[in-house]
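Here TrEMBL flags 45-63, 84-106, 112-133, 145-164, 184-205, 217-239, 273-300, 307-325, 337-356, 363-381, 401-422, 443-465 as transmembrane segment.
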Amino acid sequence: MLRIEQTRKLLMELEPHSRRNVATRSSVVSEKSGEKGYIVYGDRWLILSSCCFLALSNAMQWFSYVTLTDQMDAFYCGKTECRAAFMTNQIFQAVAVITGLGGMYITDYFGIWISVILGTSLNFFGSLIRLASSLPQMEESSRQYVLHSGSVMVACAQAFFLVLPSKIAELWFPDNQRSIANVLSFVANPAGVALATLVPSFIFQTQQQYSSKTWKIFYYNLGMSGLALFPFILCFFIRRSPPPTPASASSAHHSNPHSFFTQIWMSLSNTQFVVQMLLFAFSFAGLWGFMAIVTDILLLQGYDLQGYPTALCAIIGSITSILAGCLADRTKKFKEIIRFCSIGFALSALTIRIYLRHMNSSWYDPVVIFVLCSLLGAFSIPQFPIGVELGVETTYPVQEATSSGILVLFGQLWMFVIYAIFEYGKLVKWFYTFKADSTPANWQFVLDIWCALNISAAILSVLFLNPVYGRVELEKSALMPANLILQTVGVDLTGRRSRRNTTDYETGTIAAKVESN
């Protein structure tokens, strides 16, 4: 009886929406038409732009010193050993994990506007502190502490912009634009990585040593502060968190009476979501973990490519992500895209693993490396936004920032695991001979582990990834006549069960939602 009552209550919510006039496939009507229905607003692009530029700026500050290790250590540490560039990178990873739950909670329970304000403010004011640390007049003993203080503040912004895309897509975009909205937000991050690896090569000379009184680092940080200022200004033009009228059926039913930690438990107890957590972590940590060690391997094998493989990987990955987002919006084939990308990434990883045994001896060898790194980005980066969108579908009606935040948080945690595995693997004296004093050490064994993890992810996606698209099914049900919905669920208004047997696909989200309650 309890399940029947819950079903009847849900049908009462859905019935008004099934009678609305539908202008397009996604139930969207023009704001000017005056018809009752779902409405999309031009403000959505302003909100999305602020999130995109926030992600772009933050990623550039994260990776800004990766290719300038010697120059930054000389400027911030002087004659002492402090590894300023390395510590900056570690701060961003650690803070993202520590503050992740807070960003999820604030975004889901206080709204997009508060989350964007906090994210852009932390990013901008943190960049100003980093800028102050690069003033030549500042004492050398204080520079690194000021730098790390600013880096902590900038890193706190990750807790917001990493969970904002799915929330913005759900509340402000129709169902046939949600994937591309997610993609645009997520590709801003690798675009920032590309800028951070390319721009320094035009400003700094690789082999040149700069004194502690140079202004070049100040001007470099000034440019990043200017970029951080742009989304900070944009956020003041955002007028509201949710739109006055919902953009889709799922947005119209956008509520969850469960507490924050209950929703986390609901997500983690969903087997399909756990599978997606593993796939997201393998693709996220697998790509950036490899990019963190490949420079030393390339130098050992005679390649002097600086940060260009990483930049090209990010650029190509951003392009393929946009294509994948358009495909997902049109077809809703989320799991098929994830499977295809997982298999492609595993094959690309195996190919580059084999080719890296070959020393640089011809003009075409660097070209092959660039192509293979591009393929890694092309197959890995689309899995981030599409994976988040699939996670929201699988856990619906769990709040979007919560489900997407769990995926991102687990991916960040897996990055630490990957780094630990790689560092330990370098020292293992198995299978291969190597110079103990070389930086990559037993790099071939490390890449073997990396390939094994990628192959495992591909097998996992093919055999075990089979989720139910809860949000899509709800929106289909919202357009169905009430009597047909009753037949599909298997009950009627009097509380008697229908004799019709239905499949899991037919019952869709309605049955799933009743079950979750």
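Backbone N, Cα and C define each Cβ position, glycine as well.
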In contact by Cβ distance (the transmembrane segment (145-164), the transmembrane segment (84-106); 3 or more pairs under 8 Å): yes
Selection from 112-133, 273-300, 307-325, 363-381, the stretch that has most Cβ pairs under 8 A to the transmembrane segment (184-205): 307-325
Beyond the flanks of the transmembrane segment (112-133) by 6 or more, those residues with Cβ under 8 Å of it: 47, 50-51, 54, 57-58, 61, 76, 103, 106, 143-144, 146-147, 149-157, 159-161, 163-164, 167-168, 171, 218, 221-222, 224-225, 228-229, 231-232, 234-235, 238, 240-242, 401
Contact yes or no, the transmembrane segment (307-325) and the transmembrane segment (363-381), 3+ Cβ pairs under 8 Å, gap 6+: yes
Winner by Cβ pairs under 8 Å against the transmembrane segment (337-356), considering only 45-63, 401-422, 443-465: 443-465
The transmembrane segment (217-239) versus listed stretches 45-63, 145-164, 363-381, 401-422, 443-465: most Cβ pairs under 8 Å: 45-63
Cβ contacts under 8 Å made by the transmembrane segment (45-63) with residues that lie 6+ beyond its boundaries: 88-89, 92, 112, 116, 119-120, 123, 126-127, 130, 151, 154-155, 157-158, 160-162, 164-165, 168, 172, 181, 184-186, 188-193, 195-197, 199, 224, 227-228, 230-231, 234-235, 237-238
Which of 363-381, 401-422, 443-465 contacts the transmembrane segment (145-164) most, counting Cβ pairs under 8 Å: 401-422
Sequence-remote partners of the transmembrane segment (443-465) [C-beta within less than 8 Å, at least six residues beyond its ends]: 272, 275-276, 278-279, 282-283, 286, 289-290, 293, 296-297, 300, 335, 338-339, 342-343, 345-346, 349-350, 353, 356-357, 421-422, 425-426, 428, 430-432, 434
